[in-house]
Amino acid sequence: MQFIKYKSYILKFLLVSCIFCINGCDCTILCPNGLIAQEQRFVLFVSFFTMLLIIIPVIFMTIFFVLRYRESNFSKTYDPKWSHSNIIELLIWGIPIIIIVFLSIFSWKSVHDLDPKKPIVSNVQPIKINVISLDWKWLFIYPDQKIATINKLIIPINTPIIFNLTSGSVMNSFFIPSLGSQIYVMPGMKTNLNLIANKLGQFKGFSSNYSGKGFSNMKFDVLVTSDHIFFYEWVKKIQKSKYKLNSMYQFNQLAIPSDNNAIKYFSNLKENLFNVVIANVLKISL
């Protein structure tokens, strides 16, 4: 009987306690590690709190009107013939219009400022990385360094990264939440993405578009190094790798669908491999 008496309080306590359980969740998007992700978080916050300017007053007025004009409230004047108020009309039309205009201008500017193809202004020489999505793994090609990796991306801190992306299979989506923009990749097409990491650390990237049975394991590691010296020492090690990727036969073997792929490094790359993959899909020769 005692339990039944306090049942509602116990349930409320358990419900509120669930909030503290999310303390262990990863809040990647709200804790960015790159300039683009920081700007996107700012856009999210501005849009969210601007819309609260409408939502909060509406909730407040709903509660206020219910209490003030309830049937049992005899202290207020009953005026059934009331039908219009210039002040109310001004508020309920004017404020939403102002907010919509503000969000329109703000969104338009933000979309252009954060265009994935827009180069990042920096005094540091950018690094080019070609990305090919395969079933179910990511191939990262460093064309200037003549190396490639499977499911491993290493970049120096505060260095603009120019990604050229395509798919060697079905349509997919490339996303590193800590650094910013998600972008779709399609076979036979090339798209661009510019990112930069402003904090050291190891982050996760993944496919955010369903692409088959191995989709859930199509993830890769992103390591942000402290300087270019460490990066180029790593490059020299990979250039000595025993695994080669200097022919289309080797690429086609790599492209065979496989799940839960381990990190792998390649040296001695086929010249212009990225463009050849696109050309093969389009059935043209280079």
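Backbone N, Cα and C atoms are what each Cβ position is placed from, and that goes for glycine too.
Going by Swiss-Prot, these are the annotated features:
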SIGNAL    1-24  signal peptide
LIPID     Cys25  S-diacylglycerol cysteine
LIPID     Cys25  N-palmitoyl cysteine
TOPO_DOM  25-44  topological domain 'Extracellular'
TRANSMEM  45-67  transmembrane segment
TOPO_DOM  68-85  topological domain 'Cytoplasmic'
TRANSMEM  86-108  transmembrane segment
TOPO_DOM  109-286  topological domain 'Extracellular'
Summarise the topological domain 'Cytoplasmic' (68-85) as counts of helix, strand and coil residues per DSSP.
1 helix, 0 strand, 17 coil
When DSSP states are grouped into helix, strand and coil, how many residues of the topological domain 'Extracellular' (25-44) land in each?
10 helix, 1 strand, 9 coil
